[in-house]
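Remarks on the structure that follows.
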Amino acid sequence: MMRAIHSSAIISPAQMTAIDRAAAGSGLDSFALMNAAGSAVGEIALRRFPQALRFVVLCGPGNNGGDGYIAARRMRASGACVALYALGDAPAAGGDAARARSACAMAPAAFDTFVPRSGDVIVDALFGAGFSRPVCEDVAVVMRKVTAMDLPVLSVDLPSGVDGRTGAVRGESFTAARTVTFVARKPGHLLLPGRMLCGALDVIDIGIPRRLVDAHAGNLRKNTPAVWGQEAMVLNAAVHKYKRGHLAVFSGGPLSTGAARLAASAGLASGAGLVTLASPELALQANAAHLTAVMLKAIDTAEALETWLDDRRISAFVLGPAFGDVEKARGFVTLLRDRRLVLDADGITAFRDDPAVLFDQFATGPTRLVMTPHDGEFARLFADLAQDPALSKIDRAIAAARRSHAVIVFKGADTVIADPDGRALVNANAPPWLATAGSGDVLAGMIGAHLAQGMPAFEAAAAGVWRHGDAGTLAGEGMTAETLVQAIRPLHA
Ligand SMILES: NC(=O)C1=CN([C@@H]2O[C@H](COP(=O)(O)OP(=O)(O)OC[C@H]3O[C@@H](n4cnc5c(N)ncnc54)[C@H](OP(=O)(O)O)[C@@H]3O)[C@@H](O)[C@H]2O)[C@@H](O)CC1
Ligand SMILES: [K+]
């Protein structure tokens, strides 16, 4: 009986190896685990691809190939037509993969004799967790042929060619219709481009005890309401508006007010009790003409801001969307350094020449700064991390959070949220059409609303990102930033 487990845990290939060792150390039979894994693959192949005229199992030299041999045996036992091809050397004698190969009782043909044909379903068991270098040309040619013929691919653990730690493609990869992985998701299943290449993902329990998984899993999870739900204030009519927080959003000049208004209205729709747009005098008219529930306050200078900040009920701030004046942004951030702040867009770019000035101002006390960079903005503050090819997007976000003492929301279709303490989340509910003009402004306002309500910065960011993806899905294809705000769902008890 197959069960899906650890629904939000993400485990790196290195942690998986440690779990594997711990399982063996506790007396679990590693061949039994492979048997469970390979049998699950065979069963899923039979169930999900009834149209197959032939199952072609491509086995690599390691344990990923071992799973393939078990799957082949399982499918053959059910009467399916199965062809088996082996890449490279035979598996090391005495290991589980060698045992699986002999138990399979089918002689594999050499990999380079495989000719794909119409009606084939490919079971890709070439490389999984042990994928260590770019695929060679022989393999790449087969991958390209299979893709060109649009043959369904069921990948074991990961589409071969995808790096499980980073999600990067090394050389070439299969594009799977389905991927069957074991114990928990790996980063490569969620980070781009890996996520796009996995197809539907099955996470299978192969019998490793939960205590061993928990002992070796790190602080990385998929972003779901389970992560932040307990911290979220359940909003109802009985909660006084001041208890739901007061969010302030800084507007740009008279010709660039729209972004801040989007953030402000998103903040209100996300549950902030009060939202005030802090606007330059010259932009008051433009802003006033468009606002109803959002309040308006003229703030032009550092002095005016300093006076306003005496009101401690203003519980969070958003600075950056189309703000424009980077010098003014730097001055405002200094005044806001002991407050809860979402820094986005121009607010991030303002510190490109000396990021340490920003980081130092938030170095002590509780984590209260959330930054929401896209790739370009990230590179402006963290050039070395952005350029280091050895780092995954998760590694980059965590290192940036540690350095800046801020929660980092590293945006993209695979947004990563990282806390200075090393916790991280990968978000996966964003529809492709969410990448549209103004979408980032809406996100900044949503995170600001959660901060204003008093949620810890990490959970506030996670809740904002998840609800943003949820609203995008509800708004549907063809959405605009305005319809996105309208689609923000209230939090339910
Ligand atoms: N963890 C668990 O609990 C369980 C894990 N299970 C399964 O084990 C899998 C991990 O097995 P694994 O560690 O043997 O690694 P795997 O992916 O087979 O690759 C290693 C081989 O490929 C080779 N190789 C690498 N790159 C290459 C390239 N570009 N081109 C050519 N060759 C290349 C590499 O060569 P080497 O680098 O050593 O020279 C080595 O020979 C995991 O994904 C899952 O399916 C299940 O059985 C259930 C229990
Ligand atoms: K594979």
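Positions of Cβ are set from backbone N, Cα and C atoms, glycine also.
The following features are taken from TrEMBL:
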| type | residues | note |
| --- | --- | --- |
| DOMAIN | 16-214 | domain 'YjeF N-terminal' |
| BINDING | 63-67, 128-134, Asp157, Ala259, His374, Asp441 | (6S)-NADPHX binding site |
| BINDING | Asn64, Asp124, Ser160 | K(+) binding site |
| DOMAIN | 224-493 | domain 'YjeF C-terminal' |
| BINDING | Lys411, Gly412, Ala413, Asp414, Thr415, Gly440 | AMP binding site |
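Shown on the structure are the features that TrEMBL records.
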{"residue": "Asn63", "record": "(6S)-NADPHX binding site", "Cβ neighbours (10 Å)": "25"}
{"residue": "Asn64", "record": "K(+) binding site", "Cβ neighbours (10 Å)": "24"}
{"residue": "Asp67", "record": "(6S)-NADPHX binding site", "Cβ neighbours (10 Å)": "34"}
{"residue": "Asp124", "record": "K(+) binding site", "Cβ neighbours (10 Å)": "29"}
{"residue": "Ala129", "record": "(6S)-NADPHX binding site", "Cβ neighbours (10 Å)": "22"}
{"residue": "Ser160", "record": "K(+) binding site", "Cβ neighbours (10 Å)": "27"}
{"residue": "His374", "record": "(6S)-NADPHX binding site", "Cβ neighbours (10 Å)": "17"}
{"residue": "Lys411", "record": "AMP binding site", "Cβ neighbours (10 Å)": "25"}
{"residue": "Asp414", "record": "AMP binding site", "Cβ neighbours (10 Å)": "21"}
{"residue": "Thr415", "record": "AMP binding site", "Cβ neighbours (10 Å)": "27"}
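If you measure from the Cα atom of His374 ((6S)-NADPHX binding site) to that of Lys411 (AMP binding site), you get 5 Å. Selection of the binding-site residues Asn63, Asp67, Phe131, Arg133, Ser160, Lys411 by a Cβ distance under 6 Å from ligand 2 yields, in sequence order, Ser160.
Restricting the binding-site residues Ser160, Gly412, Ala413 to those with a CA within 10 Å of the CA of Phe131 ((6S)-NADPHX binding site) leaves Ser160, listed by sequence position.
Classification of Asp124 (K(+) binding site) by DSSP places it within a strand. When the Cα atoms are compared, Ala129 ((6S)-NADPHX binding site) and Lys411 (AMP binding site) turn out to be 26 Å apart. Working note on the binding-site residues Gly65, Phe131, Arg133, Gly412, Gly440: by count of other C-beta atoms within 10 Å of each C-beta, Gly65 ranks first. Within 10 Å of the Cβ of Ala413 (AMP binding site) there are 17 other Cβ atoms, across all protein chains. For the recorded site, Thr415 (AMP binding site), the DSSP three-state label reads coil.
This prediction places the mean pLDDT of the domain 'YjeF N-terminal' (16-214) at 97. Ranking the binding-site residues Asn63, Asn64, Ser160 by Cα distance from Gly412 (AMP binding site) puts Ser160 first. Of all Cα pairs drawn from Lys411, Gly412, Ala413, Asp414, Thr415, Gly440, which the record names as binding AMP, the longest spans 14 Å. Highlighted in sequence order, His374, Phe410, Asn427, Ala430, Ala435 have their Cβ within 8 Å of the centre of the Cβ atoms of Lys411, Gly412, Ala413, Asp414, Thr415, Gly440, the residues recorded for AMP, and are not part of that set.
Using a 10 Å Cβ-Cβ cutoff, Asp157 ((6S)-NADPHX binding site) registers 28 neighbours. Between the CA atoms of Gly440 (AMP binding site) and Asp157 ((6S)-NADPHX binding site) there is a gap of 34 Å. Taking the mean position of the Cβ atoms of Asn64, Asp124, Ser160 as the K(+) site, the remaining same-chain residues with a Cβ inside 8 Å of that point are Leu58, Gly60, Gly65, Gly68, Ala125, Leu126, Phe127, Gly128, Ser155, Val156, Asp157, Leu158, Pro159, Phe174.
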